[in-house]
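Following: one structure in structure tokens, then a few remarks.
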There are 4 protein chains.
Amino acid sequence: MSPDTTPTDAEAACFEAGIKFGTLYHQFAGTPISPDSAASLATAMEESIENQPHCTEVTVDVRLEALESELADSTADYTELTGRFLEVEIVVDYEGCAVLTRMEMEDGYPLMRLESVRDG
Amino acid sequence: MSPDTTPTDAEAACFEAGIKFGTLYHQFAGTPISPDSAASLATAMEESIENQPHCTEVTVDVRLEALESELADSTADYTELTGRFLEVEIVVDYEGCAVLTRMEMEDGYPLMRLESVRDG
Amino acid sequence: MSPDTTPTDAEAACFEAGIKFGTLYHQFAGTPISPDSAASLATAMEESIENQPHCTEVTVDVRLEALESELADSTADYTELTGRFLEVEIVVDYEGCAVLTRMEMEDGYPLMRLESVRDG
Amino acid sequence: MSPDTTPTDAEAACFEAGIKFGTLYHQFAGTPISPDSAASLATAMEESIENQPHCTEVTVDVRLEALESELADSTADYTELTGRFLEVEIVVDYEGCAVLTRMEMEDGYPLMRLESVRDG
């Protein structure tokens, strides 16, 4: 590995932030969810991901309106967790670099996005 | 399918109970967990599985002593959820048949067990 | 536990079959899938679940037509695995009781069903 | 967001690489695995993650020796997939930035590491 390809702290911070997002999404996608159980699932997602290294804050909002709208068209009273029911913000701090990342719906898809990278 | 192989209500109730156990375990195994986040994860596990059809009660106890003992031997302050940190009881009611199931450690393995089947 | 609530072998076999179904679904739901990667995922699902105790055969068919139809309406070239892309058959043998279970779409939902129970 | 916090392409590439790693690990951790089923699971992991955007190559090696050694001490003939059975390499290319990442055991822990970032 030549010296000029050595990752910077900011790049490592972005890598760490991505790990948290992939973890959050793929650990919990598919979980049975209803309007009544949404709050406890959101709290568990936040607290479990905040355990991971360098993760300073996770905020999970369940989009209750989208959830209720899907259930209104359904004979079931619960569904499976997927990206269109979520808005997530994750903050990572790695060696003084603060990275803010967000997942939101965009054109019908849940998009994970790097918002800002602030060097220490 | 010959008539004598048609499942009874009690057998269907046991099948439903097994689905809940497989779901609970494999949805949440691997989740980052620490003593501080254990309670919120247990609550989310209970409430999400109780959404499933015919599931009347789910009780999840995190074995904090086993969790703390693993972390005492570790340089990390969290680990991944696995069966040795869990005691779970699930009650299913299907067409009046009540099935009680439990997961506990036995000889070092988490064993899922059908405890009782009470016909309606 | 009174004697009349002790599970029969057939009931235990049905419980075991349910565990396999819940495991298969919630371990793999959410996996990125495309027509090109469908076959390897189906094989891995079959072989991993066949490791579980008393599980004699697992057959996973990915409903390629449903997958391709969803992708035709999408700007992405992959999606997440969910029940509407799957047809699954699982055979469990427990103490000589053979249980056949199946998951298929019914009225727009993936339904897990106990097909037959044949006592040994 | 002030201009100086706008992520670079290299930082976005590292974020994308992290997402792939978190996905791979938390989608598949907990899967029943044995020496016989290890190869099909590794292939499915590679092909499913390669579906994700900007992911050019995924290489999954199951550490068969570690797996067999764990099973030798066990009464079971399978176990659950976890990091100590895996060596993974993921290459991401985002807007011409190539990022190489690796997961290996280090001091008894599976460590995900950013190896190199090569700007386009």
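The backbone N, Cα and C atoms fix where each Cβ goes, glycine too.
Here the structure is a predicted model, which means the values were calculated and not measured.
Database features (TrEMBL):
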BINDING   D:Glu16, D:Met112  substrate binding site
DOMAIN    D:8-115  domain 'Dihydroneopterin aldolase MtpD C-terminal'
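Neighbour counts of Cβ atoms within 10 Å were compared across the binding-site residues D:Glu16, D:Met112; the minimum falls on D:Met112. Across the domain 'Dihydroneopterin aldolase MtpD C-terminal' (D:8-115), the DSSP tally of helix, strand and coil residues reads 45 helix, 38 strand, 25 coil.
Confidence across the domain 'Dihydroneopterin aldolase MtpD C-terminal' (D:8-115), taken as the mean pLDDT and rounded to a whole number, stands at 96.
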